[in-house]
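Going by TrEMBL, these are the annotated features:
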TRANSMEM  38-58  transmembrane segment
TRANSMEM  78-98  transmembrane segment
TRANSMEM  105-129  transmembrane segment
TRANSMEM  175-195  transmembrane segment
TRANSMEM  201-223  transmembrane segment
TRANSMEM  257-279  transmembrane segment
TRANSMEM  291-314  transmembrane segment
TRANSMEM  343-363  transmembrane segment
TRANSMEM  425-445  transmembrane segment
REGION    456-499  region 'Disordered'
COMPBIAS  464-473  compositional bias 'Polar residues'
COMPBIAS  490-499  compositional bias 'Basic and acidic residues'
Amino acid sequence: MENEDNLPDEFRVCVVVPSKPNPILEKRIVFKVYKRRWFILFVLCLLNCSNSMLWLTFAPVADQSAQFMGVTLDQINWLSIIYMVVAIPLSFGTTWMLDTLGLRITLVLGSWLNMLGAVLRFVGVLGSLVSAAKFPVVMGGQTLCALAQPLVIFTPTKLAALWFPEHQRATANMIAFMSNPLGILVASILSPMIVGKTNNIPSLLFIYAVPAAIICFLATVGIRDSAPPTPPSASAESSNSEPFLEGIKLLLRNKAYMILLLCFGSGIAVFTCFSTLLEQIMCVRGYPNDFAGLCGGLFIVFGIIGAGFLGLYVDKTKKFIEATKVNMILCMHGVSQMRNQRIALAVVCSLFGFFGFSIYPVAMELSVECSYPVGEATSAGLIFISGQIQSVIYILLLQGLTKPMADSPFSTCSAGGDAALSWRVPMLVMAGLCSAFTCCFVIFFHTEYRRLDAEAQASGKKPTLTTCDSMPNRNKPDSDNPPDSNTQDSDQKEEQASG
C-alpha cells in the first residue's frame, strides 16, 4: 500500500498486511482480555476450597466424629462417599448446565448449595436435637454440599477457555483446580486441631460454615457475566460448538479420550481413597491423628507446589502428554505399614503429592485438547464422573478387604471399642491398581492437540492477543510480536467493548 500513512487511525489498527506478500489485505481477529477474569477465578478458588473442606471435614477425625454422633466408622465414611454417589448422576446435568446456561448461573447455584449444606450440618449437631437425629441431619447437609461439588469442580476448564488467553489457560486451570486440594489441606490440619480430645464437633462445623456464607455472597453479587464481551482466543468463540448429546457421542468414539477417562479416573479414585482413609490406615500402627493430618498436609502442600511448576512449564512448552506420563510414573509409591517410620511416611506422602496431585489440572487441560471441539465442561466433566464412580468402587472394595485384628496393642483408633482393622491387603491392592492403570496410560495414550491446532489454523499463525489501541507494528512479522508481549488487561474500555 503506497499511501498507507494517509489512512485514518481507526482503519490502521484493524487491518494487517500479511507477513507473506499478498495483494489482498487480511483482516485479523483482535482478542481482548479483562481484569475481572481474576476476580471470577478468585471466587471460584474460594468456593472450590470451601467445598473440599466440607467434603473431608470428618475424615481426619473419624473416630471422634463416630463417638460424638453415636454411629460406626462405616457411617462416618459415608459422609465422604456421599459426594461421589451424588456427583455421578448429577454430573451429566452439570455439564449440560455449564455448556448451555452458562458459567454465572452454575457458580451462583453451587455457592448457595454449598452454603445451605454447611449451615444445615451445623444445625444437625446442636444440643437441641436428639442424638438419633444428629447423623441424619448432618448427612442431609453433607448431601447439599455434595450437590454443589460438580457445579464447582467442572468449572475451571470452562472459565479458562472463556476468559483467559491461550498462554494463560493452563496456569488458570492449575490455580482453580489446586484450590480443591488446598481445602483438603485445611481440613486435614484444622479438623484435628479444633476437635482434639474434646470432641468439639459443633465448633468445627460452625467454623467451616462461616466462609461458605461469605463466598456465597461474593459469587451472587460479584459475578455478573458468564463470558466476556469479546473472546480472549479463537477457540473461545466456538466453546459451545458441539451440542451436549453430540459431544458425548464424539467422546465415546475418541480412543485417546477413553483411555484418559479410564486411567486418569483411576488416579482420581486412588487420591480420593488416600485422602478419605489415611487416618484409619495409620492409627492401626500407632500413629496419632495429628501425624496423619501432617501427612495429609504434606501430600497437599507438595501437590500444590508441583502443580505450580508443572502448570507454568506446560503453559510455555505445551507438552501436556509428556508431563502427564512422567508424573504418573513418578507417583507410583506405596505407604508403609510398618511402625516407627514417621520420616519415611512423611517423605512418601510428600512425593506422592508432588508428582501425583500436580497432574490433575494438566490432565483436565489434556482432556480438552484431545476432544476439541466438544465443550470443555463435557470433556472434563466425564473425567470427573469416571473418577467418582471408581472412587466409590475402590473405597467399598478396600473396606471389604479389611480384616479385624486379633491383637492390636499399638492401635490409637477409638471407634467405639471395635476391633482394629488390618489395611495391609487393601493397600497392596490399591498400589497394584495404581501401577496397572499408569502402565496402560503410558503405553497406549497418544493424541494430537486439537484445540491448539484449531487456533493456529483460525489465525494462520499464533493469534495476537491485544486491544485495538495496541495493535503491533504492521510492518514487522508476527515473530517479533509474540502473544505474551502484546496482551493487555483492559477494564478501562469494557463498557465501549460491551456496547
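Cβ from N, Cα, C; glycine included.
Here the transmembrane segment (343-363) touches the transmembrane segment (291-314). Their Cβ atoms form 3 or more pairs under 8 Å, with each pair 6 or more residues apart. Below 8 A, the CB atoms of the transmembrane segment (257-279) and the transmembrane segment (105-129) form no more than two pairs separated by six or more positions in the chain, fewer than 3 in all. Among residues of the same chain six or more beyond the transmembrane segment (38-58), those with a C-beta under 8 A of the stretch's C-beta atoms are 65, 76, 79-80, 83, 103, 107, 110-111, 114, 117-118, 121, 142, 145-146, 148-149, 152-153, 155-156, 159, 163, 172, 175-177, 179-184, 186-188, 190-191, 204-205, 208, 211-212, 215, 218-219, 222-223, 275-276. As a quick check, the transmembrane segment (105-129) and the transmembrane segment (425-445) miss the bar of 3 or more Cβ pairs under 8 A, pairs 6 or more apart, so the two do not touch.
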